[in-house]
Amino acid sequence: MDGMENLMPREKMLQYGIETLTDVELLALFLRVGTRRQDVLSYAQALLQRFGSLYALLSADKAQLIAVDGLGLAKYAQLKGIAELARRYFSSQLVEEAALVTPSMTREFLQSQLTEEEREIFMVIFLDNQNRVLKHSRLFSGTLSHVEVHPREIVREAIKVNAAAVILAHNHPSGSPEPSQADRLITERVIKCCRFMEIRVLDHLVIGRGAYVSFAERGWI
């Protein structure tokens, strides 16, 4: 692979495969052009150095992004488009492939869905008896700091798709994923409701900014 380092991202991808691109090169591939002062590779590197990672860059809000020199509305739209495309890819992959859910897959999917939400959203993943995904739904939407959850509605949706188990999740827009006492109480209520219909609650994940808490990992479920 001599000379690979001299290739532009598109040529490198076409010759050696997309997996050979660094984060900087992959970002440059999407941005396509740099600024008057920097070529696209230098600009992509500067962006990643400023934000620290692809995740932090794509999770940044509009004010944070357009404050960067050379990053106008066009590049802001490109970056948000990349993030949304990734979110929708995760969403469709989980259902279309009827994926067997693993803890890491669950976490990555839920983070892609909930991290950037500005209100609390309560999601449920419905699974069959082999832990394959039947569907996932955003069942409840709330405010910046609260979402009202109705356990019977969760059970009703589970029965509709003949689910044997569910995974619960909601986000904390404040950034901290630490569960509140109210979070623990509603989880207990959902577990009791589901148990009555012989539906297992496998986990409840609280998603924050770049962090999460799993009730199962803490031994609360």
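Cβ atoms are placed via backbone N, Cα and C, with glycine included.
Swiss-Prot has this to say about the protein:
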| type | residues | note |
| --- | --- | --- |
| DOMAIN | 99-221 | domain 'MPN' |
| MOTIF | 170-183 | motif 'JAMM motif' |
| BINDING | HIS170, HIS172, ASP183 | Zn(2+) binding site |
Number of Cβ atoms other than its own within 10 Å, given for HIS172 (Zn(2+) binding site): 23
ASP183 (Zn(2+) binding site) CB neighbourhood, other CB atoms within 10 A: 21
Packing count at HIS170 (Zn(2+) binding site) (other Cβ atoms within 10 Å of its Cβ): 27
Within the predicted model, mean pLDDT of the domain 'MPN' (99-221): 93
Additional residues surrounding Zn(2+), by Cβ distance to the HIS170, HIS172, ASP183 centre under 8 Å: GLU120, VAL147, ASN171, PRO177, PRO179, SER180, VAL206, ILE207
Per-state residue totals over the domain 'MPN' (99-221) - DSSP helix, strand, coil: 38 helix, 36 strand, 49 coil
